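According to Swiss-Prot, the protein has these features:
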DOMAIN    66-135  domain 'BTB'
DOMAIN    170-271  domain 'BACK'
REPEAT    315-363  repeat 'Kelch 1'
REPEAT    364-415  repeat 'Kelch 2'
REPEAT    416-462  repeat 'Kelch 3'
REPEAT    464-509  repeat 'Kelch 4'
REPEAT    511-561  repeat 'Kelch 5'
REPEAT    562-610  repeat 'Kelch 6'
């Protein structure tokens, strides 16, 4: 009565309320649903499915109610089973027993694609939901599961294989994965070998690698802790293990990055190998390496798979800037490690820089102009240009600008650099210079109509766009477009807000303008928090979410389709800032993500593929061909 009374109270309080009841001891759960017509009780057994499964398995063991006998392809042993049970667990058996096939009416069926061990494993799993695996029965089980389309067993086999990969069995596991099209396992084996390749070289398993997997490994940017010479020697060892393998020599050598070896190594260790002198493809690979090394200034526009850095680590990189407290100019080159959430140092510049220009061609970083000493008027502008090679973590000097310049914009466009406007001790500049890496020289192109400094720029569709800036002490909102093919400037729709010392970048087909500053009143500077993007198709501007905090004279980079605005100066707070803000174009949202190690104004940023500093620890040295004696 007490139970019924409790139910009535619930119904009176809320006639639509559900009440859940449970009994772990009985393996039963229930809920009550009330309505105007009365109370309906729903019960669920938590043990029913396992009891039914156990019951079917007992019937199978005792040979009761079995209506078909399965015979493996490799013997005469028979396995009495229930058609309904097999069809419920396998699309293969469902089609066999219900699809009008001749086996539908047979009492004994021979399965030619399955052996005794595999068939027993599959039947045991279907009736018990349990599976025991070891390397002795794995392949038989895999073969049966693939043939009979038992997906859970295939998944268990994948887990078993992945969990047991080692140096001793990775080649065999890879073979099994390839045979049965186990994509996840195959990918895991590749990653394991890439991570442990130096250790694998010291085992007898290395020479057992199939050609396809070895070629993949040698072509991968994820292969670490090996020099190209070591990879070449490993490839030669694999080729010589069996004479028929020599037919793969040219195909395998295409994956070795000969241009990154020193000339001495090419002469002493590569050209002395017979097939490198006799095979036409291999000879051409050596010629390619020689030509590449003979033209150091041209290398950024000669990049190929064999000249690229062997690294998969692309990061946000910052360079230079002026320190907040001491007003000392930095020469630090840093990358941000997203996994470790920390900044790590790369090779510093030879000289400090701020308010400089940076651009990337072929994953080479160019640093152009700027200032080495703190001066707000640009009187200490320089004309020197340096290039950073992340493959060797080294800098080299290239041809200087025709004019010293700072507060300018630098773009990389169609394999050239364009330095636009700026200022120096002589005043504001309207001139534009173009750097040709093939000639290692700067030449003038069409200048702007008016001198500009503190402007920003970006490239899209083979054109360079320049926005805002300062002309004759007046902030601008104009947008200009430069076509390098016609050497002409054209005017586009102006921004909605005047701004200078802002930043600009391209994401997809949109040209974003962010931050900066302008006059508040007649003489006081004010942060510009508003942002907007330009559509080249519509020739119009659209506002987007405002920045969280003002930043001028910053570094800007696009990384994984997000915009990062780094450091700079806040006019509202009258100080350099260390903040890094990220804008998500898809969500139209700003977030503060992390900080610089110190507050830096006039800093610059980009994305670059590098060797993270820890990859250099304990790794073979990477000697630049340019610095080899």
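Just so you know, glycine gets a Cβ as well, placed from its N, Cα and C.
DSSP places the residues of the repeat 'Kelch 1' (315-363) in helix, strand and coil in these numbers: 0 helix, 23 strand, 26 coil. Averaged across the domain 'BACK' (170-271), pLDDT in this predicted model comes to 97. With DSSP classes pooled into helix, strand and coil, the tally for the repeat 'Kelch 6' (562-610) is 0 helix, 31 strand, 18 coil.
Per DSSP, the repeat 'Kelch 2' (364-415) is made up of 0 helix, 23 strand, 29 coil. With DSSP states grouped into helix (H, G, I), strand (E, B) and coil, the repeat 'Kelch 5' (511-561) comes out at 0 helix, 28 strand, 23 coil.
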